[in-house]
Amino acid sequence: MSEFKGCPMGHGAAPQNGDGGDSGDTGNGWHGAQMDFARDMSYGDYLGLDQILSAQHPLSPDHNEMLFIVQHQTTELWMKLMLHELRAARDGVKSDQLQPAFKMLARVSRIMDQLVQAWNVLATMTPPEYSAMRPYLGASSGFQSYQYREIEFILGNKNAAMLRPHAHRPEHLELVETALHTPSMYDEAIRLMARRGFQIDPEVVERDWTQPTQYNASVEAAWLEVYRNPSAHWELYELGEKFVDLEDAFRQWRFRHVTTVERVIGFKRGTGGTEGVSYLRRMLDVVLFPELWKLRTDL
């Protein structure tokens, strides 16, 4: 019988001693684990942890500012992954490669679920605690997140006015401008349906990509045909449901944002100059994929 080696990643290795206890230090490593990384890449090296964990620089003396910084930095990391997945999924839809796109869209929805839960951590910050650090934030606001703006644009909520907060950083402005001028995920899905023979109005298939998604009757008619006969159009049916899953998760993320902000600052104006909760509530009315929601009434 061959000797048990355990998981190739080093987990679950066979005990080094006869009784299977915890005293597995043989002098060469703990249960066979490599202990010397003077010449090899370690966990921290691979993840760049020195850079990540030294990127928190509170400006106030308040204990709770670290929570505020870590909350928003981790959100930006998750949004980086969302953009990675959304761009690839959009490319998949554009090239008629829907199966890989389904996995990517499902992953984005789960990331949004993660971000919904993250608001529960920030909600542990009370109004007095936030008030103690708020003066140190200046005019900085999540409203200015260029990654969030890219996500909005990729999902079809275009607004050229939202370029202005990024004008002072040309490298960020270029990314947001590119997202503004590129067909959204939903635009590519509609063009895919047209390529597959559905009767879509030409002005929708080739439109001004800088404008937000608007309801169109021919698009709803196409989706209705898909939903009335899913077995004949299974890929498009699954794509439609992936979009609905994604928007549902996005709405929950937005809603939890509203309730957390109201809990912490009430109806004060946001640090970025917006109306705070009132502005965020209006954003809840944005519909990314209008035909996919309306058809549920019309089926």
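Cβ atoms here come from the backbone N, Cα and C positions, even for glycine.
Fair warning: this is a prediction, and the values are worked out from it, not measured in the lab.
Per Swiss-Prot, substrate binding site is recorded for Phe68, Ile69, Val70, Gln71, His72, Tyr130, Arg134, Thr271. Other C-beta atoms found within 10 angstroms of the C-beta of Val70 (substrate binding site) number 14, with every protein chain shown included.
Taken from Swiss-Prot, the feature heme binding site applies to His257. In sequence order, Trp119, Leu280 constitute the residues six or more apart from His257 (heme binding site) in its chain with CB-CB distances below 8 Å.
Feature annotation from Swiss-Prot assigns compositional bias 'Gly residues' to 18-30.
If you look up Swiss-Prot, you'll see 1-31 marked as region 'Disordered'.
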Check your understanding: Counting only other Cβ atoms and using a 10 Å cut-off, which of the binding-site residues Phe68, Tyr130, Arg134 scores lowest?
Key -> Arg134
Exercise for review: Ten-angstrom check, please: count other Cβ atoms within 10 Å of the Cβ of His72 (substrate binding site), all chains counted.
Suggested key: 15
